[in-house]
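Copied over from Swiss-Prot:
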- 27-47: transmembrane segment (TRANSMEM)
- 83-103: transmembrane segment (TRANSMEM)
- 113-133: transmembrane segment (TRANSMEM)
- 142-162: transmembrane segment (TRANSMEM)
- 192-212: transmembrane segment (TRANSMEM)
- 215-235: transmembrane segment (TRANSMEM)
Amino acid sequence: MAADPIHQFQITKLFTLGHVGGQEIAFTNSSAYMFGTVALIAILMLVPGRQLVPGRLQSIAELSYEFVANMIRSTAGKEGLKFFPLVFSLFMFIAVSNLIGIVPYTFTVSSHLIVTVALALLVFFTVLIYGFSKNGLKFFKLFVPSGVPIYILPLVVFIEVISFFLKPVSHSVRLFANMLAGHIALKVFASFVAMLGALGVVGWFGAVLPLGLTIALTALELLVAFLQAYVFAILTCIYLNDAIHPGH
């Protein structure tokens, strides 16, 4: 029988940290992989040091730094660089956790909606708090596009408000759905290879096609791992730009 493709997303308790208000606080496999992701990022950014002639790890760290910095400058301007720590942390966390999830028998943190919602809400409340603290009531200009005829302005404002509060939904579901669907497809085709290979010589020939598809999907998932981190980060920059420059 083929392995359940959903089993890879199951959260399991490793040990109990304590109880708060009668509720158990558990350390799970998801928590472990989050800590592991942060540890890998710390190693990548801190261990290489600041050599005049950069090695491989230092080159990757510097390229990642400049990539995110240029992303912020192009979408939110130089003023947006004050949010560099937030955007860089989100980009690296999502990218590294996605890459870890591609390794067989590991856990994909971003395949759980609760994780992506938490990240999206972090961005959403950052935009709200900074937008009002910097602009005050002028932040509401975000919901009033310039050049809109007065007779349709109420409808446009209503649509703008709804779309603004739905941003965390689309921001989180996009990442969650892409990682979930990709890993399920990869697991299904890999299971086909295992089942056909177990049939003997005849099954080996039949396993060629699903094996090729599995390899192709793995390569695609490597691309998607970076692409989804980029999409999440670029949308974060766009939303932050709304807080920095609320006028359309």
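The backbone N, Cα and C atoms fix where each Cβ goes, glycine too.
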Cβ contacts under 8 Å made by the transmembrane segment (113-133) with residues that lie 6+ beyond its boundaries: 30, 83, 86, 90, 93-94, 139, 142, 167-169, 171-173, 175-176, 232, 236, 239-240, 242-244, 246
Long-range environment of the transmembrane segment (215-235) - Cβ separation under 8 angstroms, sequence gap at least 6: 68, 71, 75, 87, 90-92, 94-95, 98-99, 101-102, 110, 119, 171, 174-175, 178-179, 182-183, 185-186, 189
Residues from the same chain, set at least six apart from the ends of the transmembrane segment (83-103), whose C-beta lies under 8 A from its own: 33-34, 36-38, 40-41, 44, 64-65, 68-69, 71-72, 76, 109-111, 119, 122-123, 126, 175, 179, 183, 218, 221-222, 224-226, 228-230, 232-233, 236-237, 240
